[in-house]
Amino acid sequence: MATKSDRKRRVAEKYEFPTLYQWLINLLGLGFGCFHRWHVSTLFENDRHFSHLSEMEREMSFRTEMGMYYSYYKIIAESNNFSDGMEKLCHDNLSEYDNVIDVTKKYNVLPETLAGFLYHIVKKLGIISQAQCWQILTKLIIDLFGATICSLCTWQFSHFVFTTQIIAILILKWLKIIPNEFYRNLSIAHILAILGAIKISNGALVLCSIYACIIFSSNIASFIVELFRFQNIKREIVFEIAITILITKWIKSYLLYSQDDAHVFNILKSKLTNYRDFHTMLYTCSAEFDFLQYKTYEAIIKTLLLPTAILVGMLVLYYWYRNSKTSNYPFCIEADMAYNGLQTGAFIIMAVFIMRLKLFMTPHLCIIAGAACSKRYLEKIGLKGELMRLTIVILLLGGMSYHGIDRFQEERGFIGEFGNIEQEELFEWIKNNTSEQAVFAGKMSLMANLMLSTRRPIVNNPYYESKKMRDKTLKVYEIFSRKDAVSVYTSLKNMKVNYVVLEKLLCLGFAKVPRGCQMIDLWDMTDNGAAKEANKPPLCPLLFRGNAYPFKRVFFNNNFVVLQLDYSHYVEFKPKTSVPLHYQF
């Protein structure tokens, strides 16, 4: 017969083992997290040899909008204090000349603002030197509390991700897998985050998003359904879904109408139909926005990630089926697994259509695949005992590592070095030979780097989420069309542009893009080939290598040409004759 002390010992062991097990899991997670951080942090260094580049070379290595956002951090860091830097950001006339904008409201610059604030703190405290502040990558540790508002304020596409989350939760609510009270509480958290994001950053983009519209409409629909008090559950669900869709459509189209995110829906439309316009082609012609590549499918299959996730899906469905014999619907369904399954499915669909979004798909496949070793699922198919579970874990890790290690070594083995002498020559010429008030136009990503390195105003930048910026960029890119030089000159003059930068590959049609995606092809598609049928030649090659009139070619090297708009010297007379005469003094 067990003594009282034996019973106490067994009780202590019962609670001690789970505690040790939980600590072991936490330590393993922390260890793998540190290992992953080390791996990712060195990939960029291996690719660019970043630590050995000059300051201008580092700035030129930033792609697309990275250069623009880094320039905002640089403005804060180079200011005498944090307040002066914020004052400059609140009255910025460089990013969208000739408009003066509040960068903190229009763009998602919360990470750059916090990084700049930390820079001034450590500089004032003398913790690290100024040189070190420029060379390290500051990682901000954000508490889980307020994660939604932090995400909304730091990434302009986050509301699309939250849209998939809300839809997944709504489906579970409509299927009665989760209670209405849970969804109502979740909605309150999201609504508060939206209101906070409106106050902190670009409120219009978040407020007018499909994400906000669905949250508002779904709660209104729930309130209406509660008033009707349906006796038939199926009719109630169908009615609520219909009301949610109709109210969402009404809010999005009339109450909170905005064209800023119209290009996103046009991209989706172009994936499903033959629809094309200039803006969607700029996206879909790049590999990042193309359909998911074959090599990605090959990688997730060879590393057993996708097969394991599919196996887990089958195990979960079988587990629910067995549960349904003892528990009625919906209690036989695990809400957490159902949500993760729906969320993963949404991310898979997004990645298939837009390759860039595979960064959401792969982690969620890993989360789902991790359930393959779950005790409750394995026991339902007769695989009981810790030894059996351990065997399955070892087999899975071994199978995944067979090709996974090769891919890891391939990534680690790539050594490169960034270099762009022609672009450096261009920026040095701009800094030494143009006024600080000179306004530039050109390729979006190049303009972001130009603003960062030379501090010259630009009329167009890579922030394509703004309809005004899309319209401005379209006017600038007319220089790549078949329009006549005078009309393009006049259009740029109206935007108060002083210099236009032409890039050889883009201008002459040598860019490494899919067939039909050269800049002149996009313009031919836009006007249905009318200018081409009229035998009008492309304008850009002529300006790049031939007669640049009425522009003035002021700089050229192997890759770039700079054209100047000389306002004081250029005069256009339009007499009654049908042929316009031009005089340049």
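Any Cβ shown, glycine's included, is placed from N, Cα and C.
Where the annotation comes from TrEMBL, it is an automatic prediction and has not been curated.
Sequence-distant contacts of the transmembrane segment (157-175) (same chain, at least 6 residues past either end, Cβ-Cβ under 8 Å): 148, 151, 182-183, 186, 190, 205-206, 209-212, 214-215, 218, 237, 240-241, 244, 264, 330, 335, 338-339, 342-343, 346-347, 350, 360. Marked as transmembrane segment by TrEMBL: 157-175 (among others).
According to TrEMBL, the feature transmembrane segment maps to 204-225 (among others). With a cut-off of 8 Å between Cβ atoms, the residues of this chain six or more beyond the transmembrane segment (204-225) that come close are 152, 156, 159-160, 162-163, 166-167, 170, 180, 183-184, 187, 190-191, 194, 197-198, 236, 239-240, 243-245, 247-248, 251-252, 256-258, 260-261, 465.
The transmembrane segment annotation in TrEMBL covers 237-257 (among others).
Residues annotated as transmembrane segment in TrEMBL: 299-321 (among others). Sequence-distant contacts of the transmembrane segment (299-321) (same chain, at least 6 residues past either end, Cβ-Cβ under 8 Å): 332-334, 337, 341, 344, 362, 365-366, 368-369, 371-372, 374, 376-378, 380-381, 396, 399-400, 403-404, 407.
What TrEMBL lists as transmembrane segment is 333-354 (among others).
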